[in-house]
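> TrEMBL lists 34-65, 77-95, 101-125, 137-157, 177-199, 283-303, 323-341, 353-381, 387-408, 420-442 with the feature transmembrane segment.
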Amino acid sequence: MAKAVIGFCEQKLLLLSSASNIGEGRSVLNKMGIFQLFIAASVPVLKVLIVTGVGAFIATDYIGVLDKEARKHLNNVVFYVFNPALVATNLARTITLESVVLLWFMPINILLTFLIGSAFGWVLIQITKAPHQLRGLILGCCAAGNLGNMLLITVPATCKEKGSPFGAPDVCSKFGITYASLSMAIGAIFLWSYVYNIVRISSRQTEDKQNAIDQVPKLESTVDCAKLIPGNCTNVKDIETCSALVTCKDDCEITQPLSAEYSTKRKVSLLQNKQSAINFRNLLSPSTIGVIIGFTVGVIAPIRKTLIVESAPLHVIQDSASLISDGAIPSLTLILGGNLLQGLRSSSIRASVIIGVIVVRYLLLPLVGIAIVKGAVLLGLVHADPLYQFVLLVQYALPPAMNIGTITQLFGAGESECSVLFLWTYALASVALTLWSTYFMWLVS
């Protein structure tokens, strides 16, 4: 292990020395150019938008390939098969015990993006008075950025650009994929353990409110209403504070308060519902299990040698899993396009919510991220690798995670609103992410 750590450090010194030859931020911008930087940062977003358009087209009534039922079934395949394979294969291929030890600050940084984003999302909900069925979606979009495939595409593309501030393209790409894979894995853990349960609880609360009137018990009675109500009474009105109804056989209704026994049962039922809402088995989503498998294979050397290296006897298993994982991102994006078409027809999301999410993701979070990352560098918590610092900074400026669309589709809560939010956030990402990437490169050079 000591030799592996030394080798990893030597490679990092090579990356640092080649990056230091580029010079200060001005020479970086002069060599790479604003236009090349714009292309490197905007191409991944444009790919997402193009495939989203294809998904919207094949979901139209004229084509009818990706209708609501088809999106639901495809979404289940993504959730249970494609996403776990994507996370597990990328982790197993790029993560080692040595890299995890050296990159210990990244999990903390990603946790901070979720916590700070959630705080901003809560403030946004209070300001906009968002409806209950959208609160989980708003919190998720503010908290979870696209920490996986956006970085997997953007960082290697930036490394290959001429005049990149990150040194030799091959070394830069190797470490860039490692950073992006670790980012994707940690982001998947937080997404499927935190955002998944926020949306689940939010959708359950919405269903409870919609079914509240059905939960009021009706007690059938054969008692003659005339014996209970004076003869001169011609109209009986409901009492708003009542909790139970007695229905008479001639269709008139009178109210009675709940008994103490029923009240106690009701409280016990509420406690049981709260307990079921915090079901820890739900934290182990398929993607979380994929993260565990990927870490296990990558970190434990004997298993890694059996599955990952080119001469591994069971290398075919890794190849098969990688082949399955290739369907994750296209399927996610096609579903997003289909939901977007539905959202444009029937979405009830307000403009204030859309603007609020955009402000949180592309203005407030990047500003806070600069303070956190630069503070960590000054305190010696982050090593002086410009590419590593760049990835940490970009994690605060990404559009919402695409798997939020998968989660809303699973619970049937806010799919159309999610698609409209994604349309605007990803359309603006080509500009916002480019501008922030330009500034971050200047900052770390």
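Every residue number used here counts from 1 along the chain in the order it is shown.
Glycine is no exception: its Cβ is also placed from the backbone N, Cα and C atoms.
Here the structure is a predicted model, which means the values were calculated and not measured.
Could you place these features in context, so I can see how deep they sit and what lies close by?
Within the chain carrying the transmembrane segment (101-125), a Cβ under 8 angstroms from the stretch's Cβ atoms is held by residues 5, 8-9, 12, 135, 138-145, 147, 179, 182-183, 186-187, 190, 194, 353, 356-357, 360-361, 364-365, 368-369, 372-373, 376, 381-383, 388, 391-392, 395-396, all 6 or more beyond its ends.
Packing against the transmembrane segment (177-199) from elsewhere in the chain are residues 83, 86-87, 90-91, 93-95, 99-100, 103, 106-107, 110-111, 114, 136-137, 139-140, 143-145, 147-149, 151-152, 155-156, 282-283, 285, 287-288, 290-291, 294-295, 387-388, 391, 395, 401, 403-404, 407-408, 411, 413-414: each is 6 or more residues past its ends and has a CB under 8 Å from a CB in it.
Residues 79-81, 83-97, 100, 185, 188-189, 191-193, 196-197, 403 of the same chain lie 6 or more positions beyond the ends of the transmembrane segment (283-303) yet place their CB under 8 Å from a CB of it.
Long-range neighbours of the transmembrane segment (323-341) within the same chain, counting only residues 6 or more positions beyond its ends whose Cβ lies under 8 Å from a Cβ of the stretch, are 48, 51-60, 66-68, 70-71, 74-75, 77-78, 81-83, 85-86, 88-90, 149, 402-403, 405-406, 409, 415-416, 418-420, 422-423.
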> State the residues, same chain only, that lie 6 or more residues beyond the ends of the transmembrane segment (77-95) and have a CB under 8 A from a CB inside it; answer 'none' if no residue qualifies.
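Beyond its ends, the transmembrane segment (77-95) has Cβ neighbours at 148, 152, 177-178, 181-182, 184-185, 188, 285-287, 289-291, 293-295, 297-299, 304, 307-308, 318, 321-322, 324-325, 327-329, 331-332, 335, 403, 406, 410.
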> Below 8 angstroms Cβ to Cβ, which residues of this chain, lying six or more residues outside the transmembrane segment (137-157), approach it?
40-41, 43-45, 47, 86-87, 90, 110, 113-115, 117-118, 120-122, 124-125, 130, 173, 176-177, 179-181, 183-184, 186-188, 190-191, 194-195, 198-199, 202, 329, 353, 356-357, 360-361, 365, 387, 390-391, 394-404, 407-408, 413-414, 417-418, 421, 425, 433, 437
